[in-house]
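Okay, so here's the structure we're looking at.
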Amino acid sequence: MSEKLSFNLTFIVAAVAFLALVPSLGAGERAIYFLSLTLIWGLFAAAFDLSFGVTGLLSFGHAALLGVGAYVFSILTADYGVPWGIGLVAGAATSGLLGLLYGLISMRVGGLFFALVSLAAAELIHILISSTLRDITGGHDGFPAVPRPMIGSSWDFYDNTTFYYLILAIVFVSVLLLAILRSSPFGRLCQGVRLNPVRMTHIGFRIARIRSLALLVSGVFSGISGGLLASLMMFISPETLSWTTSGDVLIMTLLGGAGTLIGPILGALVFETMRDVLSDLTVHWYGLLGLAFILCTIHLPEGLMSLRPGRLLGRLFASRRASKGELETILEGESKWRE
Amino acid sequence: MEGMSCNNLWVSYGAFHALSDVSLSFRPGRITSIIGPNGAGKTTLVNALTGSVAPSRGDVKIGKRTVNRFGPAKRTKMGLGRSFQTINVFSEMSVRENLELAAQARAFRLQPFWRPAQGLRVLAELADKILEMVGLTAHADQTADALSHGDQRALELGLTLIGEPDIVLLDEPLAGVGHNGIDRMDALIRTVAEGRTVILVEHNMDVVMGLSDDIVVLAGGQVLATGTPDEIRANETVRAAYLGGE
């Protein structure tokens, strides 16, 4: 049941080592931008999974955690000249507090009702940002000129490749922290809350606290994703807070494998690849993506992570052994019949 | 060691009274069984004692402290452990993980979030102790839902005991256990009862009569009789209403 920390760490280090080499392998500007975007969505999906896959809280309001982090970061850095790093931390902290607010909601309602209330909360924030607070946020037109960091004169983060390395480093550290947290006693408590909240209460745990803490942490990492997204695109719009973003992150998570750290990141990669490829072919790309998602849920209900290379090879050899064994039984039976 | 009591306890759902004016005292160090036909209010009483159901009127006390306003988690911290009528374990986790998770409630205040839960010595030691007590050491690495029903019952009991409660409330611990498993559970309950206050809800009369120091008979949400097993056996009202006369 418990995720193997060693497996997650090996995967993370190997993936980061490979991704660090990608620019030197001759990847073009578009590929680098695509990978940067995928890394950010991957971190967001991993943060979402802490709430959904690990703790069992299905939130349809995670777009607000991403969006609020993005807006707080953008406003502080662009309008108030706050340094990039401090802006990112402030955005993450605000999203964390919003996550905690979701946690307070989860004390009162659970299951589908929590999903609906979080959706309503996110839509409320969406309206606030797109109309009520338009003097600060830019309203429906979005918030332009979001800066990238300025560190000395030798680092030009307006170059997408240089900024890619910074995103890779931040996502690496964030995913590493999430991996450690998931394997920690706290991670096990979150699993317990998902599997059997009644028993958890009768063991003596206050599940409302555990849920709130999980949503706070999920909010912090969602906020980091939001800040990075705004900085990468140098723009943020209220569409980021739309319910479709919450739907997208759910699809990424389920596609890759909920309840695993690597799965949602893998799901984000597949999702972004399909979005990139299919949107070049047709304006109805979202429909095709939906079709792929339906096929995946039917044939791979546990997501792509159920196709682990080790497990796949195991299955393959098992079926070969079975076929060989079956063949021997048939031949044996046939020779007996001949006798 | 603490006892538990309830005074003039009512649990009502609209006009229906699941419990009516129930006053009971569960004395420290004794096994008190609650018996009664289906619908007598046994599970409602258990739920009211553990905090899963709020009483409409009356008090529930742990020792001398009224705990009406406390939920199950707080009552557990105060030394009340509960096992469930239906198997209520973490089915996807291994037996050891189940117990280590439960042990966290006792072992930590500030949790070491930077260390993997697997392999933390303080948890492993607590889990090992309970594994041995409930006889599941050989199945420690097995997933809980792969255990036999009897072993799941033992795990259920293990989860209740790992917090070292003073008062243990066992809700039909023999439900679904086959003939071979009954002796094992009987022995396990006797072990559990050493130095504890035990409240047992059970249908198996042989086990109840053999184990109990005191028996409470419920019928229609009210206390029909209380007494020692011999007194209950001899009670004409109980014989007529529940044990079937003779």
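In case you wondered, yes, glycine gets a Cβ from its N, Cα and C as well.
Note that this is a predicted model, so its numbers are computed, not measured.
According to TrEMBL, the transmembrane segment annotation covers A:7-25, A:31-50, A:57-78, A:84-105, A:112-129, A:163-181, A:213-237, A:249-271, A:283-300.
Contact between the transmembrane segment (A:57-78) and the transmembrane segment (A:283-300) is absent: fewer than three CB pairs lie under 8 Å, with pairs separated by 6 or more positions in sequence. Take the transmembrane segment (A:7-25) and the stretches A:163-181, A:213-237, A:249-271: counting Cβ pairs under 8 Å, A:163-181 has the most.
Contact check: the transmembrane segment (A:163-181) against the transmembrane segment (A:31-50) gives at least three Cβ pairs closer than 8 Å, residues 6 or more apart, which meets the contact criterion. With Cβ pairs under 8 Å as the measure, the transmembrane segment (A:112-129) is packed most heavily against A:84-105, out of A:31-50, A:84-105, A:213-237, A:249-271, A:283-300. For the transmembrane segment (A:213-237), the most Cβ-contacting stretch among A:31-50, A:84-105, A:249-271, A:283-300 is A:84-105 (pairs under 8 Å). Here the transmembrane segment (A:84-105) has long-range neighbours at 51, 59, 61, 64-66, 68-74, 76-77, 114, 117-118, 121, 125, 147-150, 170, 208, 211-224, 226-228, 231, meaning same-chain residues at least 6 beyond its ends whose C-beta is under 8 angstroms from one of its own.
Sequence-distant neighbours of the transmembrane segment (A:31-50) (same chain, 6+ residues past either end, Cβ-Cβ under 8 Å): 19, 22-23, 59, 62, 65-66, 160-161, 163-164, 167-168, 171, 174-175, 178, 181-182, 190, 214, 217-222, 224-226, 228-229, 232, 249-250, 252-253, 256, 258-261, 263-265, 267-269, 271-273, 276. Sequence-distant contacts of the transmembrane segment (A:249-271), counting only residues of its own chain at least 6 positions beyond either end whose CB sits under 8 Å from a CB of the stretch, comprise 3, 8, 11, 38, 41-46, 48-49, 52-54, 58, 60, 62-63, 66, 175, 178-179, 182, 289, 293, 296-297, 302-306.
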